[in-house]
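The annotation domain 'ABC transporter' is assigned in TrEMBL to 9-246. Per TrEMBL, the feature transmembrane segment maps to 327-348, 360-380, 400-422, 434-451, 463-487, 551-572.
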Amino acid sequence: MDVNKNLTIRFSDLNYYGTDGLLKNKQKQILKNINGRFQGGELTAIVGPSGSGKTSLLNAIARYRRKGISGNIKVNGDDIKLYKNQIAYVMQESHMYGLLTVLESMKYAVKLKIGIPLSPAIISKISKILKMFSLEGHEKTFVKHLSGGQCKRLSIALEIINDPKIIFLDECTSGLDSASSYQCIKLLRQLVYKGHTIICTIHQPSTLMLEMFDHIYAVANGQCIYQGSLKNLLKFLKEIDFQCPQTYNPIDYLMEIANDIYGERNCDLINQIENGRNENFCHSLKYEERSETDEFEAYPIPTFNSQLLYLMQRNVSIILRDFTYTYFRLFAHLFLGVLVGFTFWQIGNDASSVFKDFRLLIGVMILLVYTSLYSQITLFPTHNKVIKRECFNNWYSPRIFNIALFITDCPITIVCVLLFLIPMYIMTNQPPELFRFGSCFLILLLLSYNSQNIGLLAGSVKSVLLALIIAPFLMIHQIALSGTFILQKDAHPLIGSLFKTTFLNYATEGMKITIFGFNRTQLDCDDIYCHYAKPEKLLQFLQLNSTYEEVIIVMTLYMIILRIIIMMIVNFQLKAK
């Protein structure tokens, strides 16, 4: 494939059926046998009334939506799938990480999309792009502090760093004032001069703005009502007996016709333009006339290891700057550990308080379950749109993102468990033996990982509110069958068999073995008689159903299986569009 070749998009008989209704069981046809051509090296505007199918058309052609799509989409006569790496999609909202600076965002875009070191040539290219987008001087500004127009320009800059030949933009001027909108279109114009093919949807464009577009593609009710140059629009309207007033913006007049202000005449427009097949009103500039056209460089495909490394670096930068997520999470675990330690002060070696000690272990696990669960529950809903944009634009795959997320969160999870366990263990006077402390730490760490996975699983629904509702339901059977409220030996045989389906039950078994097993010496007794002074008697009463080795193996398998399920769900959600 010649990366410097001008790319023209043609689509024919394009249909898009969306779903409607409460249960998404009703089909609604949004695009109706629509046709058209977007000439390479041109700036194209897709216009139309609200709800006409502009964004649906853009999403279908860019393959951002795939379900319910039928028809042919070709790039220079080939299937558009072959040009996946030559396409970039800039969404209507600028979804980026606010805790990265402008320069860091650009550097990570280079690393993830191209996978090459930041050579002086790449740094120079980044500087040129930032200057082109009027972002010079803002290199050290955090993205969250940028204005709406600056965010929009940065979102475009991030996607052109690897020189995609085709750029799709959805409502590129939405939310911007007239000056910022004009500047945005002017920047797109400069990119066209450099050889990019740009297609964008635009709402209520001014005449001054429209004059910068080479090609206008108008839709109404999912069908094409005009395609061609702005200059030929008046000629097109005259041929079907429409006379645009001299003081009118021609596009505004066309939109009034599309909205049936002059009667139901859309069928006349559709018939005249043959639903996009008629190209007589197009006036395409020759590619050779673009005197500023740049040569596009064919960059290598990044390796798995390089993308994983760069994602981990970016995650660490964001985590260290996120006070709410990181430092409050650490403080909360330390606070809870100290609080539990004071509540159960020095009971760990007291034979008369052995059941208090058991309740302590249960409380410790329940607290850790919920702190871990809610530390991850909002992760996917809050970052889903960023992940979706970056995965679609070939920054990385969902699988790499999940692996990087797990690895970078591991140190924080380990520190959180230690901050919780150390004060609790010492203040409650648990056995001062290193192997018991280590065993307890390992079980609580695995419990924390499994609880995080439940949180991630609940958060995969994309809605924070729905995730907060689902998460407790996912934990109900874990807690009910954990051996805390009712022992497995006292449960009905049918219910008893379900205890083996919960990782929290194995954690309970493991904690009983760790604290009271391993031939622990006799506990202190200040009373005349302490029945459970020998810890093995308590274990006989509680009845162990698993060995320590089984606990570790099963909890590890739970962790791996849950993580694989999460990866599959996220991967499906990002690809099933």
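Glycine too: its Cβ is placed from the backbone N, Cα and C atoms.
Because the structure is a prediction, the values reported are computed rather than measured.
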Folded-back contacts onto the transmembrane segment (463-487), same chain, C-beta under 8 angstroms, at least six residues removed: 362, 365-366, 369-370, 373-374, 377-378, 380-382, 451, 454-455, 457, 495, 498-499, 501-505, 507-509, 542-543
Which of 327-348, 400-422, 434-451 contacts the transmembrane segment (360-380) most, counting Cβ pairs under 8 Å: 434-451
Segment-level pLDDT (mean, integer) for the domain 'ABC transporter' (9-246): 86
